[in-house]
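First the structure, in the form of structure tokens, and then the observations on it.
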Amino acid sequence: MADSKIESVLREDRVFEPPQAFVEQAKLKPADVEALYQAAQDDHEGFWAERAREHIDWHKPFTQTLDSANAPFFKWFTDGELNVSYNCLDRHLDTKGDKTAIIFESDDGEVEHISYRELHARVCRFANALKANGLGKGDRAVIYLPNVPQAAIAMLACARIGAIHSVVFGGFSAPSLRDRIDDAEAKMLITADGNYRGGKLIPLKDVADKALSQGGASIEKVIVLKRSGTDVAMTSGRDIWWHDAIDGQSDDCPPEWVNAEHPLFILYTSGSTGKPKGIQHSTGGYLLGAICTCRWVFDLSDDDVFWCTADVGWITGHTYIAYGPTACGATQVMFEGVPTYPEPDRFWKMVDTHQVTIFYTAPTAIRALMKHGDEYPQRHALDSLKVLGTVGEPINPEAWMWYRKMIGHDRCPIVDTWWQTETGGHMITPIPSYTPTKPGSVTRALPGIDADILDEAGKPVTDAGAGGVLVIKKPWPYMLRTIWGDPERYKETYFGMYDAHTYVAGDSAQRDEQGNFRILGRIDDVVNISGHRLGTMEVESALVAHAEVAEAAVVSRPHEVKGEAIVAFVILKSGEGNDELASDLRNWVAEQLGAIAKPEEIRFADGLPKTRSGKIMRRLLRTVARGDEVTQDVSTLENPQILEQLQARGS
Ligand code: PRX
């Protein structure tokens, strides 16, 4: 199935030139894009230095652009000083103080407009509250909030005082939250009583309390936003309501000027071991990436209404909600709810209501909405839209074409943006006025991004259609700086395969005849469920933590809406599995990790297919999970009879 998919994608020959009408009104004209590519080609460092001077207000200008002395621990603009919240807020006040920064729509449809002046005041007030509660420069605060303006306010307030935030997505479970708090040794937790998503209550404070009862000893204060109005326990001396914390605080808070390399945030993501990695981003380089990519890839400018449907708990919500649009002084929509509530036209209705010009979402959402039928987008004009974007996972050509026709009315360029938590911002993507697009193709690397495909020996793969390892051959300003508390793992994971200058993304890719990149999938034990990254080892560890489970192996298989779905092979300590236990185990995993990790299917077996040296043959399990014919060599299997059993037990 996977092979036939790749085949059909390779034969893709529909190419869409940037629409003339779009090009005419674009801020970034094809000639400007050409000039950027040329400048980056001529002088990589000089190109980024010029962008950094053009787009960032520096408190102290930098004199050194790139420091590679300690590769792969690169430093950018290293002697410069700035503050991210100053760049996102203060610098707009004179010219755009009354401009709407955020149009917030809640789950139940209430709308709030927040101007730049108001956002600035709210960030300052909360920043003062953070300081009053003992948070200072370099301290870590974990943010476990719904997708509401206060999440962005909390992030910007941390940035204002030089504290390092680590946002944990509100769908994560108590153990996941606890592990992240412990790893970051966070001093403060910022959460809410709860909130409604799709009409369902998410009990954030209860989960937070559970996390803190199991660990989180470093937490001194918990600030709690009243959102759902539900009853929650407040621990005296530790817990304080958000509204009490800001009560009496000044709306003036001078920014803490920090070094360009000062960590702005840590964001945990899955890798190929069971332990999530704390991806550490910088201040100066990260901010530059957020600004440049918003300008280049979305053609974002003053008269736009930008809407990124991600949650601030993911990197997409960091770069394209909290930081990029605000640093550009844009107006953006922020949404608390889900695309199908109260009806599957929620997104399209909101596009019309708020006159959204740039819309950025995930393929899984497009596929889910496509399944509901054309009548939902057809209820709405959608004529304000100019650019459509996708992110997070490969998009199948059918969904791409539907997006283009039904949402973009064949008028809007689609930018399929490839990037990662680690890359901080877009890396390989079309630029809408310039790059011809092709369904399922992420096209070409941005100016200043040196992407390539290598074989195992490190030789560039040049043949069209041949697959290889996707790498970035030169450092870029908005790359991750390290893994929090584990520099060795950083070196090993991202620079261990070739050399200290070649970043290995963890994806495989191929090029077509025109040199356009196409992402094929992960090369490690990471799966992508509805655009969310998950390590198979994390799910396996959660399963074996269950009292009845002896061993587990987790793989994925293609899924029509989610992209991939989890199939878990489980060996019990004793007895036979049944439907009830399967259901218990699925819920158990959701409790341990979060709903995203819930396996689609559990298959019980007496053993796992292993080689004589004891290695689980995962490729074989993947074949079995997909119901495909086994073509692999199974002669090295220690227990060949197990294969029949695994196949027979499939549903
Ligand atoms: O496999 C790639 C896939 O998502 C991974 C990064 O996941 P995460 O760090 O959670 O960041 C997601 C949001 C940036 C990548 O290694 N991926 C992301 N975007 C695309 C993609 N795969 C194909 N096409 C994309 N546009």
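Using the three backbone atoms N, Cα and C, a Cβ is placed for every residue, glycine included.
Unlike curated records, TrEMBL annotations are generated automatically.
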Candidates ARG379, ARG522, the one TrEMBL lists with GLY392, GLU393, PRO394, ASP416, THR417, TRP418, TRP419, GLN420, THR421, ASP507, ARG533 as binding ATP: ARG522
Candidates near ligand 1 among the binding-site residues TRP419, THR421, VAL544, judged by a Cβ under 6 angstroms: TRP419, THR421
Averaged pLDDT score, the domain 'AMP-binding enzyme C-terminal' (538-615): 94
For VAL544 (Mg(2+) binding site): DSSP state (helix, strand, coil): helix
Euclidean distance between Cα atoms of PRO394 (ATP binding site) and VAL544 (Mg(2+) binding site), Å: 31
Euclidean distance between Cα atoms of VAL549 (Mg(2+) binding site) and PRO394 (ATP binding site), Å: 33
Neighbouring recorded positions, C-alpha within 10 angstroms of THR316 (CoA binding site) - of GLY392, THR417, THR421, ARG522, LYS615: GLY392, THR421
Neighbourhood of GLY392 (ATP binding site), C-beta criterion under 8 angstroms, separation at least six: THR316, ALA362, PRO363, THR364, ASN528, GLY531, HIS532
Those residues of the chain, 6+ apart, with a Cβ under 8 Å from that of THR421 (ATP binding site): LEU267, THR269, ILE279, TRP314, ILE315, LEU480, ARG533
